[in-house]
Amino acid sequence: MVGNEFIRGVSGGERKRVSVAEVMATQAPVQCWDNSTRGLDASNALDLVRVLRRSADEEHKTIVATLYQAGNGIFDLFDKVLVLSEGREIYYGPATDARKYFEDMGFVYAPGANVADFLTAVAVPTERTIAPGREGSVPNTAEEFEARYKSSRHFEDMMGRMTATREDVLAREVDDLKAIRELEKNRTFGFLSRVGSPYHASFYKQVMALTKRQFEILWGDRWSNALQLASSIIMALVVGSLNYNLPSTSQSIFTRPGALFFPIMLWAMNMMSETVASFMGRPILTRHKRMAFNRPAAYAVACILTDIPVVCFMYSLFELVYYFMVGFQKHSAGNFFTLWFVYLLNTLSGFVTMLTMVYAGYLIPTTSMHPWFRWIAWINPATYAFEAVIASEIGSRTMECVAPQLVPHGPTYEGSTHRSCTVQGSAQGDTMINGEEYIEFRYGATSGHIWRNVGILIAFWIFFAISAAIAFEVNLHSGSGSKILYSRRQYKAQLKEADDVEKAQKKSNPDEVDTISTSSTVFTFKDISYFVHHEGQEKQLLQNVSGYVKPGQLVALMGSSGAGKTTLMDVLAQRKDSGRIEGSIIVNGMPQGISFQRTTGYCEQNDVHEPTATVLEALLFSARLRQPKSVPDFEKQEHVRRIMDLLEFTVLQHAVIGIPGEGLSIEQRKRLTLAVELVAKPSLLFLDEPTSGLDGQSAYQICRFMRKLAASGQTVICTIHQPSATLFDNFDVLLLLAKGGKTTYFGPTGENSAVLLDYFARNGAPCEPGMNPAEHIVDVVQGRYGTSIDWPQKWLDSEEFSQTMAELTALNASASAGNAEHTAADREEDVNDFANPVLYQIRLVTQRQLVALWRNPDYVWNKIGLHVTNALVGGFTFWQIGNGSFDLQLRLMAIFNFVFVAPGCINQLQPFFIRNRDLFETREKKSKTYHWLAFVSAQLMSEIPILITCATVYFACWYFTAGFPVKASASGQVYFQMILYEFLYTSIGQAIAAYSPNEYFAALANPLILGAALISFCGVVVPYSLIPTFWRYWLYWLNPFTYLIGGLLEPVVWNVKVQCKPEELTSIPLPDNTTCGDYMADFLSDNAGYVVDAGSTRSCDYCAYSTGADYMKSMNINASYYGWRDVGWNHGVVLYQLLCTCLFDDEVKN
């Protein structure tokens, strides 16, 4: 598996080689390589450029490359070199002449330096060396360099070569391109490629190749797909058991449509995960489009083709379980396959919003929709799906009407023929329900529309597929470009400070390094081995690695890609939270204490920062939380100022960090990573490839600064790739690893690497004159010179190894003897995991999170906009609900509709939460900056203003338009419960996200938890009395949505005086010489409802409810105080969800 920053896979260098191989496979005639050797060791970088050289020679490819820190072996492979300064061309010509050109100009080339670094340094006054006596004759500005070049023979030669290209050569090349184009037109499905298309393969071939790749991705991510499959089966089992074996009588007349609607709702919610999956693959799609690999439309079609068999398989399993558990029509295979086909097509064509739920025809029948929004039903796939399944399942049924729908009922009326069915659409005195008449009267549906709707759903699917392909094609943003953002208010303050010219021009003082660190830490490690579980077996990544670092030493950790450099660094810095570690790590003669992680600095290879913070905010945040609480805040701020001056961040202190391309550059992010660790005043400093991706000058500045830190007493360990001879000379000690995590050398490098080279020369690998020592030793241990020497064994047998182990033992003994000088305060400090109390951590992390939300207005306004839109649509959909019998159900559905604001908001907050959690897990947890409790508390507390605002705007836009009671006792209770619901779904969403490894996993878990568990068992779709016994006595009562619905419904329904409309009345035939009141007296004494005219002798018009309380009791809300009781329960549920999220840290991630 390739992996990424957060998923274990191949090493960073190996991942880089995968990217290189992907581009090389294109065989493009013109190839541009932008810093393609970043992250590769010197040997692999040289191999890459050799392949490019061979491609240019043998296949006549045109190669253009920009390379950082290119060694002489790499530089010598190029024909020509272009040198730029401030966007101006200061040299273009043969690479072999470039060095002499600038030397003739008066610049001095240092022995052992890289020619490439020499060329880039000549325009940098602080980096170049000028020959004595030539100071006044060399250029100093980019304009002067450009003018000098344009007056040189190299410029004349270049211009001459450009104009010498003959027209007949160009014409022949154009004819060749036309011939290739004609050949492409004759390919299979070649007509699908437009004229002038940059894509080599036809659209058909692109789709086939991408479809194959998508299946491979599905197999590679089989655990997520297994989760989705398990989720569908669990949903079928849970919801099927909720509606288990529905009776074929009037008792199921209201629950059966709900059972038919549930798969539409659940699978629509389940498909929301596809949105997350689409965005996860978007960067790769963008890159492939820019490189003309494939059309985005081909990718969209491939995704659809891949989804069809997967969705068919998953839904078939769901339908097989669900259909027969519910007890749908078992005598007809046609009904089974009709439902299967309709549900499947709705899954493929559907998209979930509040509108698709409300206007599907279940929550509010089509016949009851207001005219201003009824058109939504006609463009809603769920409408046609629901009509088709309800017509197929109920339209052909004839059901017996039984109690409680058969009225009057009871011992007095047994055997009486003077009874009617309360189900709408039933005839007077008829005790049988005609399914076709019922669905037409109740839902406006008819069986004649089943196959029409199937055709419409197919059309919807095709429409959405084409729309997705077009949208991918025309609206795929690459996000290219680069810019630095500033915090507006702080930047204005900085501009005022800049009026002080002396202050604005202040430069960092190199001598100030001495005040940054006063560490004297002795660090030793012996026989370090590291094991991980891989494919059921234990794999050893490090094998008995030993070494030490003294104060003032700068130690380099080197090796080929995949040798275990980063792994060793993680083990030494206590950053590994999995696997098995053997060996001993000693700090100042003692084992690592619990404060080791926060008192050491670790600059990771990947620069992970809070993107919305400014440079100053990031540094202050680290200093305040990682330095002890005993240090005054003004001292922490002063230390931050010195670090900013030292790393030249003063001008950028109010720059927003951002993401690559929209924020700090790579070099600035590297410096910031170092600064974040230095402000914590670390006793040890670990740096993982700090110069990777930097140009020669930036890499030199980083190494020069590390050298100064070491000189001031700081203990520094650093992994490094591709160091030039000049950079390598900065290091005192080298630890060299071979494949498998084996030591091949540990010891001093010596002046000009003399000690190191002498060791390898004595053992059969002398270094050729002028070769970079760092590149030479890595090549040797990789066996690139054909040597058969076992270098790890050679090291174990050497005298240097014995000396190293003796020195290590002596250092531990000496440091142990000096431990008596440690003060009680030092020992007290070591017993604390964190430098500051949890409440202080919560305050600072919450402040940072509030700033992050303020600077991320898209998230805030999207959430508020979702609430406003849903509230207005919901309010006008359920406009001024009346007091009829059916209106009681509309009141319930209007409130139930509010529940569906949660899925959309949860899908917004989870990626935000997971990104913050990954930042915490990757860097801040490992450095013990703050506790997980502080993180979780800050995530919810920072949402409080937004959640209250969302609840307020929803209430204002929805409550009064729906016609609910305006008295404060009712409206206030609803408003308070709505605020609690905002906290409830936020805590649920964050809990799901905390237990999910990635955004896609969380999106798959949402419908299972929200749909199958919470929404299903709250007593709305299936009333309390009809919930199976197994679920009724525990899950119903544990479900927070049960109390949510109760707290919202009671104040708007309980005191309603019901006035049935004429079509809602049930007409009951009366026996001769009997009044309506007398005949119904026994029934009404035990049951709810009222009769319109008690004195009538012809027929009795009966209304099922007399007050809203009657309806509420059918939902197991038996007293008016239940509303406030349910509000109180929701308080407890929110706190419980937060507790579950807090308990995540120690168990789930591992």
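Heads up, residue numbers simply count up from 1 along the chain you see.
Cβ coordinates are placed from backbone N, Cα and C, and glycine is handled just like the others.
Where the annotation comes from TrEMBL, it is an automatic prediction and has not been curated.
Owing to the predicted nature of the structure, the values given are computational and were not obtained by experimental measurement.
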Given ranges 373-394, 1033-1054, the stretch to which TrEMBL attaches the annotation transmembrane segment: 1033-1054
Segment-segment contact (the transmembrane segment (975-996); the transmembrane segment (297-318)) at 3 or more Cβ pairs under 8 Å: no
For the transmembrane segment (297-318): best-contacting stretch of 450-472, 890-909, 930-955, 1033-1054, by Cβ pairs under 8 Å: 450-472
Range from 450-472, 930-955, 1008-1027, 1033-1054 with most C-beta pairs under 8 A to the transmembrane segment (890-909): 1033-1054
Chain residues in Cβ proximity to the transmembrane segment (1008-1027) (below 8 Å; excluding those fewer than six residues from its ends, i.e. six or more beyond): 231, 234-235, 238-239, 242-243, 251, 254-255, 258, 261-262, 265-266, 269-270, 892, 896, 899, 902-903, 906, 988, 992, 1035-1036, 1039-1042, 1044-1045, 1114-1116
Mean of the pLDDT scores, which run from 0 to 100, over the domain 'ABC transporter' (523-764): 87
